[in-house]
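Some features that Swiss-Prot has for this protein:
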- 31, 34: Ca(2+) binding site (BINDING)
- 32, 62, 65: Fe cation 2 binding site (BINDING)
- 32, 62, 65: Fe cation 1 binding site (BINDING)
- 100-140: region 'Targeting peptide' (REGION)
- 100-140: region 'Disordered' (REGION)
């Protein structure tokens with residue numbers, strides 16, 4: 001996989017800066033996920049409890065790195081953002097969400113049986129504006 005970070009399919013001179021940066025991010029995610037897989041295997045194979053704990057900790061750090069880079073991709077690529085909003089943090093069959101989304105039934109496909117997603121990027125908590133004012137004691 002190291003070769004992926006040193007090579008592009010097209011000459012660098014013809015690529016936009018944002019394309020090169022996305023390439024860096026994508027390769028980083030690939031490397032982080034590969035490291036997660038390696039650490040998973042080492043955790044399974046280790047017979048020493050302390051080493052197992054260290055390896056599991058290291059694996060989880062790699063997951064954090066992958067998540068951070070995915071967030072960068074979401075913030076810097078509208079199509080990534082659209083797809084991540086459709087599929088992440090939903091319930092129900094993923095393929096049903098995809099079918100509902102491609103049928104034009106909205107982001108996350110609430111029409112998909114059991115699916116829940118907020119197409120507006122919200123966590124579904126709702127607004128707390130005005131509620132703080134109600135909870136405050138009157139000024140004297």
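Glycine is no exception: its Cβ is also placed from the backbone N, Cα and C atoms.
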Cβ-based neighbourhood (8 Å from the centroid) of the Fe cation 2 site, residues 32, 62, 65 excluded: 28, 29, 31, 33, 35, 36, 61, 63, 64, 66, 69
Sparsest Cβ surroundings (other CB atoms within 10 Å) among the binding-site residues 31, 32, 34, 62: 34
Between residue 65 (Fe cation 2 binding site) and residue 31 (Ca(2+) binding site): CA-CA distance (Å): 10
Residues near residue 65 (Fe cation 2 binding site) in space but at least six apart in sequence (CB under 8 A): 28, 32
